[in-house]
Amino acid sequence: MTSVSSSPSLHSANLASPSAEGFADVLVGLQYGDEGKAKIIDALAPGYDVIARFNGGANAGHTIDTPSGRIALKQLPSGVFHPHATLYIGSGCAINPWKLAGEIEQLREMGISLEGRLRISARAALVQPHHIAMDRRGSGTIGTTGNGIGPCYADRALRVRNDTRVNLMLGDLLKSEVDAIASMRDVFTRMINAEGGTSPWIAEMSDMLLSLPKVTETLRRYIEADRGWLTDRVRNGANVLFEGAQSVLLDVVDGSQPYVTSSHTVPAYAYVGGDLSPKYHRRTIGVAKAIMSRVGRGPFPSELGGERSAQYCHDASQSRTGATEEQVRYSPDKLLRSSDPFDVGTALRMLTGEYGTGTGRPRRIGMLDLAQLREVIKAHAVDCVYLNKVDCLAHYFRSAYQGVPMRVHRDVLSSDVVPDVLIYPGLNERSLTLGREGTLDAAMHGFVDFVERHIGAPLAGIGLGPERASLISLATHQRVPVTAPSPHD
Ligand code: IMP
């Protein structure tokens, strides 16, 4: 058995740059979002000076447990609880100023001031009331989060509608708040009139506009007009960790249309939306989870229960069925023993808490897809991977699978007769328990090596529980050489 460390400092070992200039690493989710990126960032943050967002907005969400309670953040980077770290929100983000001011205020009430620590690009796109109304009205097909993110990015590209500028940026609030508010009111009113003069959200949107001056006042001191702010920091030696929102498979171009988010989620975009030259890129860190999930519509090859699960979760999100209703209706232990993968998926969702952070929607559940990870890792040259929720695989031992089902790439096992789904038998609850205590036994080593061989990248760490100490660094883990994916895969 090898002792491994769960200390955050190990995760950030070897991060110091010998040169005077700093560097940037990019951390992205490798699946469909909600892989637990915030937990990894929390562990890595001590090794960086700046934690920066480069895409998305209030459609993202991370829950952080703090000594003063649980806090759900949507737009602020995950490093808020590391006082040494500066937080940057780049021009690639879509800002909901009301919600962002709310997050800042919530932290202030917890005694955490962001004064002097937070910079937000003045060129970040501004989410306006009509974006939210449009998104709520049209969210069904894709299953968007209804935060107005898609319409906001669409207006950024459209620039002008009916002779009115619609691509407002955060800085426009500072330049001429009165004009910006008048423009938003005008566009919203025209939209309502075109729809026959009614909308369920008129009062709410009107209130939002009325409160905007106060919100602007809160944000004013954090808005950064200098496009070169992050570059200057890095040139002066700062190390940056870019934090991707959503995940690579939801990229607006690279993902499976139309079931994607509306911004670029791939690591390369960090250097556009994050306002830094790619010259400073050092490494790409991926985060995946062993029990996979997806919210909203779209392909999910390893989904337990396939189309039935997709439809069930869609209907449940429409009828606002969430964790509470499922707990009343079903017994997860009973479902787990069913021979129907749909039941197993439902049980895993209940046992592992897979419900939307912001929306409470039941997430679609899937088995670990190593074949898909392999493709994503290769496409984006991901250097290392953190695999979360490995402890949750223990539930499979009580299921009809009697092992861990995983999708694998036929080429890796170089056999024509190998099925796409393989049941991995060699892990047991004892291995997972030992792992939580910081010791990996032979079975756990075997699992780690198996995963590495299949995805073609080293595992930097595994998550064996929700708490900080359960993130096990594999930095000292004795490993067999990793087989890189061949160019013909
Ligand atoms: P939008 O980003 O709100 O436009 O939603 C588009 C798609 O991306 C939907 O399927 C959403 O459920 C999904 N999505 C957006 N943000 C997240 C996230 O943070 N985690 C997981 N899925 C997300």
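For all residues, glycine too, the Cβ spot is worked out from N, Cα and C.
Neighbours of His62 (active site, proton donor), defined as other CB atoms within 10 A of its CB across all chains, total 22. Under DSSP, His62 (active site, proton donor) is assigned to a strand (E or B) in the three-state scheme. Here TrEMBL flags 33-39, 61-63, Arg363, 389-391, 463-465 as GTP binding site.
The IMP binding site annotation in TrEMBL covers Asp34, Glu35, Gly36, Lys37, Asn59, Ala60, Gly61, His62, Thr145, Arg159, Gln246, Thr261, Arg361.
Per TrEMBL, Mg(2+) binding site is recorded for Asp34, Gly61.
Feature annotation from TrEMBL assigns active site, proton acceptor to Asp34. Less than 8 angstroms from the CB of Asp34 (IMP binding site) sit Lys289, Ser293, Val295, Glu354, Gly356, Thr357, Arg363, each of them six or more residues away in the same chain.
What TrEMBL records for His62 is active site, proton donor.
Feature annotation from TrEMBL assigns substrate binding site to Thr357, Gly358, Thr359, Gly360, Arg361, Pro362, Arg363. Under the three-state DSSP scheme, Pro362 (substrate binding site) falls in the strand class.
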Legend entry - Close in space, distant in sequence - Thr359 (substrate binding site), Cβ under 8 Å, 6 or more apart: Thr145, Gly146, Val295, Ser317
Inset, instruction - Go through the recorded positions Gly36, His62, Thr63, Gly360, Pro362, Leu464 and pull out the ones with a Cβ less than 6 angstroms from some atom of ligand 1. - result: none
Inset, instruction - Would you find the one among the binding-site residues Lys39, Arg361, Arg363 whose Cβ has the most company, meaning other Cβ atoms within 10 Å? - result: Arg363
Inset, instruction - Mind checking which of Gly33, Gly36, Gly61, Gly360, Pro362 has the fewest other CB atoms within 10 A of its CB? They're the binding-site residues. - result: Gly360
Inset, instruction - Work out how many Å separate Asn59 (IMP binding site) and Leu464 (GTP binding site) at their Cα atoms, rounded off. - result: 27
Legend entry - Secondary structure at Asp34 (IMP binding site), reduced by DSSP to three states: coil
